[in-house]
Amino acid sequence: MAHSMSRPVAATAAALLALALPQALAQANTSYVDYNIEANPDLYPLCIETIPLSFPDCQNGPLRSHLICDETATPYDRAASLISLFTLDELIANTGNTGLGVSRLGLPAYQVWSEALHGLDRANFSDSGAYNWATSFPQPILTTAALNRTLIHQIASIISTQGRAFNNAGRYGLDVYAPNINTFRHPVWGRGQETPGEDVSLAAVYAYEYITGIQGPDPESNLKLAATAKHYAGYDIENWHNHSRLGNDMNITQQDLSEYYTPQFHVAARDAKVQSVMCAYNAVNGVPACADSYFLQTLLRDTFGFVDHGYVSSDCDAAYNIYNPHGYASSQAAAAAEAILAGTDIDCGTTYQWHLNESITAGDLSRDDIEQGVIRLYTTLVQAGYFDSNTTKANNPYRDLSWSDVLETDAWNISYQAATQGIVLLKNSNNVLPLTEKAYPPSNTTVALIGPWANATTQLLGNYYGNAPYMISPRAAFEEAGYKVNFAEGTGISSTSTSGFAAALSAAQSADVIIYAGGIDNTLEAEALDRESIAWPGNQLDLIQKLASAAGKKPLIVLQMGGGQVDSSSLKNNTKVSALLWGGYPGQSGGFALRDIITGKKNPAGRLVTTQYPASYAEEFPATDMNLRPEGDNPGQTYKWYTGEAVYEFGHGLFYTTFAESSSNTTTKEVKLNIQDILSRTHEELASITQLPVLNFTANIRNTGKLESDYTAMVFANTSDAGPAPYPKKWLVGWDRLGEVKVGETRELRVPVEVGSFARVNEDGDWVLFPGTFELALNLERKVRVKVVLEGEEEVVLKWPGKE
């Protein structure tokens, strides 16, 4: 953050921090940048720097005889014994994300802030040779579109393996600020690309698979890396109409908070046993998230079952933001105290390190209050083997991972697999795709590659990326396969200049196939950057229209790229546009993946995990309106409540082959169940009655086409009489991916449906089973349907602790 006025740090902290920290700040809000408008915090070097990392020496160092080095003691006892050795200044110096360590104890500095959204970021990459790159996977929104939970887990496991290899070389931390499990509620949001999409049940499954993949199979004894579920909670706006994320106060009903904005964090804490949670910049209902004990204690620890000694980190500078711009605290010292007492253990920033001494002097905090958070952090580090000897792999199975493991896991080519599985075929007129090598031999085919994504490299990665081993553009991929490529950028992402149109039309004229690759990228959607419009930007549609007019009988394929959707209704309705695909941010192998989908080496089976709205949607009501249900100018948010007509619906996705979907022998078309009977079933092994399976939705899936293909399924529920109005249009209750269904083969799809899938959330936030009639239906086509009648008395299956 930009701070122009300063005053000395409290004297008791100055001796330790004088060399590491600049002077502290004056307390007048008027002195600072207006963070109600500015969405990027100006972080100090101490916060953002990456530092060389090393392990404490428990064999020969000063700590060798202390309990912290006793591998038979509990992680908490070991951590608590270490923190008890700190002076107050040393304790405070280790409350920030860049912990300064304690040199007299042989405790190295530690950097909490490592990123792992879709690969290692904020690692200490070498300039060349070993450790100069790590695998860069597709952005989560594309990976989730594959509807393959095993794939999510595998990606996270690879990231964790590579992270531990880097950690062993002193180049990466033992915890990561990932995953981002906020839901992509409004299409203008700049960080939707980082998320699993707009559906909260998808986000919850993504959270579970990613977190358990990152943390390993035995996190209590051998934590691989500590995951951080972020951003908790109600965070999904960056800077829309100058409403800065740093100062937003989001008004959210208890109903929506319970039903939409927190279930994924509940699953992360209760089921995935996430070791860390990040509180968000924004306030919810008047209280900054990092100063809200209702969020951090009542919900997270008392209700969601957060692990006993898990720690909460602020988003970077969010502790400071409690003071400026929220104005919830009268000074930075007061803001630090508010955050500590609410349950924010570690400050990603420098507010704690500069001002906690003042908080203690003012009587707002005790040493014990501060110790609690640092003990929690170091408990996690103990679980990850930070203090353990490296004598045998049996002591810690991850301490001998090395560069060879990075090479091995990258060679599995899972980044490519994730991209090909996630790409969504939106339109395919007259089955023009795939452009097979038989019909279009590479040696005799000229491909015009046009548009601002046609030669994309870094663009493929989206945001939060580190060094990738390679970045394959669409142009390079087609050239590598032997096609002659006529490349012309034609226009930029947001350009209104037509100076490149002539070259683009010339490239198309002499080609056999025209591929336009465009859409949006991180110049329009990013952290601290929302879109104002969800129309295609600049003059891209004008160029596509000219290409369509000039195409004649040539195939014109449009690749719609970027994390958020754009209104492609004109392309959907243009008969000259042969095919339309959504490719997201496909990662290091993105060009290969796009090429192989187009040419049929891989067949598409992804489905949209966001709604493609008409452009007018973003102009109808404020993006800061958090109410999901339709009211006034708000036509309803997400596919669950939207009352308008989508361009392409959530769950849309085409195949190259055809599938016949029918009821299986185990499908019962009507099921009657008694609520009290359901709830009397044994469920002691489950964390919640909401997880109890009620029935299996089954269907026969037969490949009736000419190509082997994966098949993806979404099962939706709807009701018009169970519980009070208004009723959602439908909601997702399960999904799956069947791999490699051969031509003529029939597979049985089996999707379990749990108690929670039939529960509706009342105005108090309670999840309730109401008597009534539900319909379960397969995909958007609804060819397989099951009627479920719940009888008996309504029952609360999950009690929501309202905020007093």
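Placement of Cβ uses the backbone N, Cα and C atoms for every residue, glycine included.
For ASP315 (active site), the same-chain residues lying six or more positions away in sequence with a CB closer than 8 A to its CB are LYS230, HIS231, MET278, CYS279, ALA280, TYR281, CYS290, CYS348. Look at Swiss-Prot and you will find ASP315 tagged as active site, backed by similarity to another entry.
Among the features that Swiss-Prot reports, N-linked glycosylation site is placed at ASN29 (among others).
Counting only same-chain residues six or more apart in sequence, the Cβ atoms lying under 8 angstroms from the Cβ of ASN124 (N-linked glycosylation site) belong to THR50, PRO52, LEU53, TYR131, PHE166, GLY170, ARG171, TYR172. In the three-state DSSP reading, ASN124 (N-linked glycosylation site) counts as coil. Here Swiss-Prot flags ASN124 (among others) as N-linked glycosylation site.
Cβ neighbour count for ASN148 (N-linked glycosylation site): 24 (other Cβ atoms within 10 Å of its Cβ, all protein chains included). According to Swiss-Prot, the N-linked glycosylation site annotation covers ASN148 (among others), on the basis of sequence analysis.
Residues or ranges marked as N-linked glycosylation site by Swiss-Prot: ASN242 (among others). Taking the Cβ of ASN242 (N-linked glycosylation site) as reference, residues of its chain lying under 8 Å away and at least six apart in sequence are, in sequence order, ASN36, ILE37.
The N-linked glycosylation site annotation in Swiss-Prot covers ASN390 (among others).
ASN413 (N-linked glycosylation site) carries neither a helix nor a strand DSSP state and counts as coil. The N-linked glycosylation site annotation in Swiss-Prot covers ASN413 (among others).
Proximity of ASN444 (N-linked glycosylation site) to non-local residues of its own chain (separation of 6 or more, Cβ distance below 8 Å) is seen for none. The feature N-linked glycosylation site is assigned by Swiss-Prot to ASN444 (among others).
What Swiss-Prot records for ASN455 (among others) is N-linked glycosylation site. When other Cβ atoms within 10 Å of the Cβ of ASN455 (N-linked glycosylation site) are tallied across all protein chains shown, the result is 18. Look at ASN455 (N-linked glycosylation site): DSSP puts it in coil.
Marked as N-linked glycosylation site by Swiss-Prot on the basis of sequence analysis: ASN573 (among others). Secondary structure at ASN573 (N-linked glycosylation site), as computed by DSSP, is helix. Counting every protein chain shown, the number of other Cβ atoms lying within 10 Å of the Cβ of ASN573 (N-linked glycosylation site) is 10.
The Cβ of ASN665 (N-linked glycosylation site) lies under 8 Å from the Cβ of no residue that is in the same chain and 6 or more residues away along the sequence. Summarising the annotation, Swiss-Prot assigns N-linked glycosylation site to ASN665 (among others).
Sequence annotations record features per position, and here Swiss-Prot assigns N-linked glycosylation site to ASN696 (among others) based on sequence analysis. Residues near ASN696 (N-linked glycosylation site) in space but far in sequence (CB under 8 A, at least 6 apart, same chain), listed by position: THR666, ARG750, VAL751, PRO752, VAL753.
Around the Cβ of ASN718 (N-linked glycosylation site), 17 further Cβ atoms fall within 10 Å across all displayed protein chains. Feature annotation from Swiss-Prot assigns N-linked glycosylation site to ASN718 (among others); the stated evidence is sequence analysis.
Under the heading signal peptide, Swiss-Prot lists 1-26.
Nearest by CA distance to ASN148 (N-linked glycosylation site), out of the glycosylation sites ASN413, ASN455, ASN573, ASN718, is ASN413. Residue pair ASN413 (N-linked glycosylation site) / ASN573 (N-linked glycosylation site) shows a Cα separation of 36 Å.
You'll find the Cα of ASN718 (N-linked glycosylation site) roughly 44 Å from the Cα of ASN455 (N-linked glycosylation site). Look at ASP315 (active site): DSSP puts it in coil.
Here the Cβ of ASN413 (N-linked glycosylation site) has 12 other Cβ atoms within 10 Å, regardless of which shown protein chain they belong to. In the three-state DSSP scheme, ASN718 (N-linked glycosylation site) falls into the strand class.
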